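Visitor: Pulled these features from TrEMBL for this protein:
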{"type": "DOMAIN", "residues": "12-125", "note": "domain 'CUB'"}
{"type": "DOMAIN", "residues": "154-266", "note": "domain 'CUB'"}
{"type": "DOMAIN", "residues": "269-385", "note": "domain 'CUB'"}
{"type": "TRANSMEM", "residues": "526-548", "note": "transmembrane segment"}
Amino acid sequence: SHPPLCSPGIKCGGVLSAPSGNFSSPNFPGLYPYEMECTWLIVVAEGSSILLSFSHFELEYHDTCAYDYLQVYNGAAQDQGNLLGTFCGHSPPPPFSSAWHVMAVIFRSDRHVAKHGFAAAYRKGSREGWWWQSTRPSIFFHHPHHPCLLADACGGQLTGLSGEITSPRYPESYPNDAECRWSIGGAGSGPLTLVFADFQMEGGQGCGFDYVALFDGPTVTAPRLGRYCGSAHPPRTISSTPHLLIIFKSDFNIGGRGFKAHFYSAEECHEVFTTIKGNFSSPRYPNFYPNNLKCQWSIHLPPDYRIKVFFLDMELESRSSLTGGCDYDHLSAFDGGTENGAMLGRWCGRESLAPVMSHSNQLLLVLHTDRNTAKRGFSIAYMGVVVPMNVSCTRTDFHIQIPMQSLAQLERNRIYLGTPSCAARVVGRNFKIHTRFDTCSTESQRRNNTSVIVSTLYIDFSVGDQEDIHQYELQCEPKKKEASVTLIAGPDPSRLRQAENLVDAQQWEGEAMDAHEIKSQDTSDIVFISICILAGLLMVIAVVGLVLL
């Protein structure tokens, strides 16, 4: 064995709190022992980052690193959401820069096959930064007294769904004669969006001195999307491929603060749904979600629909112990297609949540995660409520009206009350059902000491052998002539459970029935009024007769 490039430590695990240092596997450069588990927790001054590099690496190889392995965490090792990678074999891990002042390294060996292990070096970074992972660092400045320590590094291969990048030493002035390349991609097949949160570099016509160049692909041979310098923020950039290359260059003099930018993938983390029902979950669910995410799920349905969201499972970072609010990782729902819409809720922690109903045909869900403490995430199902459904009743009849636009692909016999023989009829642009209480399997019940009339409305969406029948319970209180409708069986009821009060007929606007139709149909009211008039006349006749006698 050859001696390591840097003087190794001999301690298996521990807390490393010096501004810089080295550590290595037990017995390095000799063979490491069997059945070892070592944890190094690197802690530097708050507000700083940690730069970590490996000068030697040789562990037992396995295609999934199931035997001997080394893991690097951006924070405490207990937080699976901060795992930066698991490594084995002969290829050293890339250099890392932590997102905050804590980093953990875990080494484990099994009871068979030992190798020479690893040697690593770390140092405190000048400022807090976002982690990056690289197969080749683009720029190194070696410390004259510690040749193993990485003084400044930038660029790399970024494969996450989202993340942030900064120029070297940001927000302090970037170094001269630097060249950094960030190749983003590999997490999915969707386009990438890049947004600059801060930008201040040396200017100049044509950006010939210091600049940032963007390419629509993994290499410089891809189409160039822009070249920027000065102090104006570059515009939001969206790639047409799943890859984006960012190149930063500085010349020999005159610098600036540099830049900070964040990127995100449209796949998994940013989705748009237009189907009547569906489900989605946080990235990597049920495993821990990544840190530093902003994900959006937008549901857009036809104009006559409302959207009901069911929280099948949710575990996010807990509420703040100081404020009691969801200040860290949280999920928010907005009515409409943007975050400017009314907020319907903001959730965190581990909660059992009631379903949420939109007030329009669009709903936006946004997941924010911060730089530490990840959890399992969430699983959500949604369905479009097939309304506006105008349901009313008299003392003797049910009246149901559904705009045909809401059920555009259904024939009228797919919509019926109680039995298929009580199917809807087409009147103008609406499906209508008008039936008396003594027909269509309607029955009288007593609920909460009140007499009500109950029936079931069926809407059959079945296709081929796949049965999909929605059932709504219609209820009428004849004395008050008040009707309501409740979904009692909908799409995939085992996942959605049983949703209550999906549709309150009084909430939704619908075309009003013609006044003469309601008047002619409300026979009970006519009879009731006639009896009252007749009784009044008889009473008058009786009084007059008594007076004459």
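Numbering starts at 1 and runs along the chain as it is shown here.
Quick reminder: no glycine exception, Cβ is built from N, Cα and C everywhere.
How buried are the listed features, and what sits near them?
Guide: Note on the domain 'CUB' (154-266): mean pLDDT across this stretch is 85.
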Visitor: What are the DSSP helix, strand and coil residue counts for the domain 'CUB' (12-125)?
Guide: 3 helix, 51 strand, 60 coil
Visitor: Using DSSP, what is the helix/strand/coil residue split across the domain 'CUB' (269-385)?
Guide: 0 helix, 55 strand, 62 coil
